[in-house]
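For 1-29, the entry in TrEMBL reads signal peptide. Residues annotated as transmembrane segment in TrEMBL: 134-154, 174-197, 217-237, 249-270, 276-294, 306-329.
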């Protein structure tokens, strides 16, 4: 009896070839670990030096030549910029970085053979600063304005509680505030906690850092919470004839319409959810610019600031001033 005919033999050979190709792909994928660096973020001072290591995780099966590329050649000096990784050897290369001028740049690389997997993780974000002392001062300013802005909600809450009245507190300001901080919280929480949105941001900015930090999330959620307390006071305390104006109501409806439309487009995959969050942040920025106008007009018409806490303004002003000073310091320190 013939157990195998020519067709069976051809079929076996065909599937054997397929299996060989699959195993080759797996083997190549396992070898495609490429090059990486010891540190993707480096801070160096002007006329100062630091270093990072280019790490070869697994030996190459052929010689690989790499060349480091800089966005701005006048900011740093790199030694060496080129290196040949010999086949079947494991070696790391230390690159000396010397700061020339303040600024930010990303170091990338190219390789021969020109394979993306070799240099995909070979990049370094470098910050060149004029002074380390300014970095510390900027850090302190950042924490002070964070605390000032966080505490700024409570003088008004205390004033309302002490008076058992919200007469003098403009309702347009309060309701614009809650919408602004709710959208700000949505933006921060989305970028900080949702992997799909983080992946979209990484796709658009492959070598950038997530702009949202934990303190941003904490501040926005706390601000929304404090504003909700203020709204609750508006509902239970004496308020006279105060209400949300037609102008503010129209603006809030417009903002709601923008949010609903952009969210619907995101659900329909017409835009990305990251774009939706960007639209939310633009609304928040608009509210930040205009939210004090109704309160200022109300104070002017009443010729009085009774019911409006000066502590809120002073703390908010302190936070804003320190934030601007921090930006000025950073602009000088990093050559912006």
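First residue shown is number 1, and so on along the chain.
Heads up, the Cβ atoms here are built off N, Cα and C, so glycines get one too.
Here the structure is a predicted model, which means the values were calculated and not measured.
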Point to revise | In contact by Cβ distance (the transmembrane segment (306-329), the transmembrane segment (174-197); 3 or more pairs under 8 Å) | key: no
**Study point:** Candidates 217-237, 276-294, 306-329; stretch with most C-beta pairs under 8 Å toward the transmembrane segment (134-154)
**Key:** 306-329
